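K.L.:
The structure that follows is given in the form of structure tokens.
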Amino acid sequence: MKYVPLIVAALLVVVSAEERRTMTGVVLKVDPAARTMIVSTDKVAGFMEAMAMPFAVPQAAMLSGLKPGSTIEFTYVVDKDRSHAENIKVRGFESLEQKPLELRRLKLLNGIASPESRAGVLKVDERVPDFVLTDQARQRVAFSKLAGKVVAVTFTYIRCPNPAYCFRLASNFAQLEKRFKDRVGRDLVFLTIVIDPEHDQQGALADYARTWTTNPAAWHFLTGPLPEIKRVSHLFGVDFWGDEGSIIHSFNTAVIDRQGKLAANLEGNLFTPQQLGDVVQTVLDRR
């Protein structure tokens, strides 16, 4: 991916006195030795379009706790011939809608009752254990067979009624399929794992998949036994429970590198398709 340091230079030219802007975005890369981070930013009206660009920080310690996929808020300081980021904060996924609030209560209770419940959730750079599930074409898909390709993973259930939840996550992949059309299947694979296998069985799964893709060899909608679905979901920090005919669940979208290691894990659903695509592009660019 080509970043845009020239934009920084242009901003410095037009700023005559120190300017401070609050910015948000998704972290693509962190380099403590160089005291820089690369961020796919949100648009700041009247100041900067959404883009992927590097930001310097005064001290390497300011980058502590950041990892690819982190959603952050920070202050961008532009002062004559220099600029930097400061006051960097990781933004947890928050929503005032009822279901996420219920989920947060359940996760809190689960953590109190079982402190080891978060054990086994993968960290960035850890290798993803193998799993085998069945896709919409009734073909067994083994994660280990995807070695050498970048893999993006998300989770859904077909009956999800809120368009801001599962629909948005699927729509993200659909837009990535267009953005990376020359690499999908050859160098990039999408996995959408269904968390309600009791209801989302093969016929319904195939119909749902056809609404999103015409390339089933590159975008697999996966199902399997519920215990295995729970095991795989937990690896990526996804929790879900049945609730009066629907599913309460958390939101995570993971990107795995060609060596089978977790490259990024984006929490929530508030990042843009462009930002997710920038994360994927960063991983594709690795050699």
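Backbone N, Cα and C define each Cβ position, glycine as well.
Predicted, not measured: the structure shown is a model, and the values here were computed from it.
Pulled from TrEMBL, these are the listed features:
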| type | residues | note |
| --- | --- | --- |
| BINDING | CYS160, CYS166, HIS249 | Cu cation binding site |
| DISULFID | CYS160-CYS166 | disulfide bond |
| DOMAIN | 122-285 | domain 'Thioredoxin' |
K.L.:
If you count the other Cβ atoms within 10 Å of each Cβ, which of the binding-site residues CYS160, CYS166 comes out on top?
P.N.:
CYS166
K.L.:
Within the same chain, and leaving aside CYS160, CYS166, HIS249, name every residue whose CB is within 8 angstroms of the centroid of the CB atoms belonging to the recorded Cu cation site, in sequence order.
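P.N.:
Once CYS160, CYS166, HIS249 are set aside, the remaining close residues are PHE155, THR156, TYR157, ASN162, TYR165, LEU169, ILE195, ILE247.
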K.L.:
Between 0 and 100, where does the mean pLDDT of the domain 'Thioredoxin' (122-285) sit?
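P.N.:
That stretch averages a pLDDT of 90.
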K.L.:
What does DSSP call HIS249 (Cu cation binding site) in the simple three-state scheme?
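P.N.:
Looking at the DSSP assignment, HIS249 (Cu cation binding site) belongs to a strand.
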